[in-house]
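Asks: After the structure tokens below, expect a handful of questions from me.
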Amino acid sequence: MVSGYFAIFAELLLPGLAVLCGDWPVLQAVATLPLLLLASYICDSLFPESPRWLLATEQIPAAKKCLQTFSVKNGVPLRDERFPAETLLSVTVPHYHSVLELRHTRVIWRNCLILGFTLFIGTGIQYCFTRNLHIFSPHFYFSYFLRVLMGALAYMLLCLSVDRVGRRGILLLCAIITGLSSLLLLALMQYLHGVVVLLLSLVGLLSSQALAILSVFFASEVLPTVVRGGSLGLVLAAGCVGMAASSLMELQNNGGYFLHHVVFASFAVLSVLCVMLLPETKRKALPDSLEDGESRRRPPLFPSRQDRDNLPLLAPASSYNPDSYHTEQISQAVIEDDAL
């Protein structure tokens, strides 16, 4: 979420930077130069490896070294003691996992596909709403700054509501609002007043951006640690495809816009059913192994009442066995004969 605010701040600064540069090649060079900071990822002291991932993949010595580095930097040095159990763990063989192992899973693969699908819709359908903003003002900066402001508002609303309501409920609400807004604009565009069209476009733009943001956040929580990086990359790749679809429509001068709107509006309605298959991650520990990810099931749609009587409709079958009764009679007769 914090990185999203930096992205919003960068989008607000981009038009001013474009005016200062004055030329497209200069702007491209200036925007590319900060990517050189990615070279700092090579330095382990600045960006160490995740101890959680090291422990999940059973890299015990590397995890211990990383935790010791953290403790020393925090001013709490640890004693270098080795216990028998720790000695046994230090000789374990690391188990690495790849994204290809997702095809052997059922729940994890389904969650990854659903979140990639919702991110694809959230990024691709935004063009259907921003195009209507050009009716009120032909200037590029009007629609640009409105889209950025809606993105900032979406981040604020998610920060206030996700921890209270839950990830699954808010994602479902965003999918419903996005689908309804796109369908109303698609079917009643020529019958609605200009103010209503503007309001529906802004609401749809807000909900679609919230849908895209929450899909990435949800994926980082529901996917297990051992394959979180690769699985999250697949989800983000689906979002890039949605952004490419919007850019393609702009390059074609709105050619095929109606088909684009129909397809994404239908996908938005379909995503409502897909989101209901996702589990809830609110106040739950992050899954580490593939087994933990497979155990994350969706909650029931209609939770059962606690005060309901769970009595069976039919009486249980009787445990009477005629053979055992006959055997008991014979045994009783034998005992009586012995007594006589």
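The backbone N, Cα and C atoms fix where each Cβ goes, and this holds for glycine too.
So TrEMBL lists these for the protein:
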{"type": "DOMAIN", "residues": "1-283", "note": "domain 'Major facilitator superfamily (MFS) profile'"}
{"type": "REGION", "residues": "287-324", "note": "region 'Disordered'"}
{"type": "TRANSMEM", "residues": "107-127", "note": "transmembrane segment"}
{"type": "TRANSMEM", "residues": "139-158", "note": "transmembrane segment"}
{"type": "TRANSMEM", "residues": "170-189", "note": "transmembrane segment"}
{"type": "TRANSMEM", "residues": "195-219", "note": "transmembrane segment"}
{"type": "TRANSMEM", "residues": "226-245", "note": "transmembrane segment"}
{"type": "TRANSMEM", "residues": "257-278", "note": "transmembrane segment"}
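Help me understand the surroundings of these features in the structure.
Replies: Long-range contacts of the transmembrane segment (107-127) within the same chain: residues 147, 171, 174-175, 178, 182, 204-205, 208-213, 215-216, 218-219, 222-224, 227, 231, 234-243, 245-246, 249-250, 260, 264-265, 267-268, 271, 274-275, 277-279, 290, 293-297, each at least 6 residues beyond the stretch ends and with a Cβ under 8 Å from a Cβ of the stretch.
Long-range contacts of the transmembrane segment (170-189) within its own chain (CB-CB distance under 8 A, at least 6 residues past either end) are made by residues 118, 121-122, 125, 128-129, 132, 158, 161-162, 197, 200-201, 203-204, 207-208, 210-211, 214-215, 218, 261-262, 264-265, 268-269, 271-272, 275-276, 278.
If one looks beyond the transmembrane segment (226-245) by at least 6 residues along the same chain, the residues whose Cβ comes under 8 Å of a Cβ in the stretch are 53, 56-57, 95, 97-99, 101-102, 108, 112, 115-117, 119-125, 127, 212, 215-216, 219-220, 260, 288-290.
Here the transmembrane segment (257-278) has long-range neighbours at 110-111, 114-115, 117-118, 120-121, 124-125, 127-128, 131, 168, 171-172, 175-176, 178-179, 182-183, 185-186, 211, 218, 222, 245, 249, 298, 301, meaning same-chain residues at least 6 beyond its ends whose C-beta is under 8 angstroms from one of its own.
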Asks: Mean pLDDT for the domain 'Major facilitator superfamily (MFS) profile' (1-283), rounded to an integer?
Replies: 86
